[in-house]
Amino acid sequence: MSLLTEVETPTRNEWGCRCNDSSDPLVIAASIIGILHLILWILDRLFFKCIYRRLKYGLKRGPSTEGVPESMREEYRKEQQSAVDVDDGHFVNIELE
């Protein structure tokens, strides 16, 4: 005897959808939440690099330059740029004082 003959198989009526009364508020709420969850999950997977990079670095804009003379701002920009300039793919050693 095969195993399939020993297992009770559901009748054709039991395969049907049992949620014919879909006007139940709980069913409607669950459906809406499920659809929103699916949409948010898809958007998260598509844009996760942008989203998490924005969350991680978005608030860190650097030190405030309010009230600092323009000459000092320019000097600071040049120092920062020279610290991260890389030529021909070599690493730059930055020594902290």
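From the backbone N, Cα and C atoms, a Cβ is placed for every residue, glycine too.
Not measured: the values here are computed from a predicted model.
Break the compositional bias 'Basic and acidic residues' (71-80) down by DSSP state and the numbers are 10 helix, 0 strand, 0 coil. Among the features that Swiss-Prot reports, compositional bias 'Basic and acidic residues' is placed at 71-80.
According to Swiss-Prot, the N-linked glycosylation site annotation covers Asn20.
Here the Cβ of Cys50 (S-palmitoyl cysteine) has 9 other Cβ atoms within 10 Å, regardless of which shown protein chain they belong to. The feature S-palmitoyl cysteine is assigned by Swiss-Prot to Cys50.
Residues or ranges marked as site 'Seems to be involved in pH gating' by Swiss-Prot: Trp41. Counting Cβ atoms from all protein chains shown, Trp41 (site 'Seems to be involved in pH gating') has 10 others lying within 10 Å of its own Cβ.
The transmembrane segment annotation in Swiss-Prot covers 23-43.
Counting in whole angstrom, Trp41 (site 'Seems to be involved in pH gating') lies 14 from Cys50 (S-palmitoyl cysteine) by their C-alpha atoms. DSSP gives Cys50 (S-palmitoyl cysteine) a helix state.
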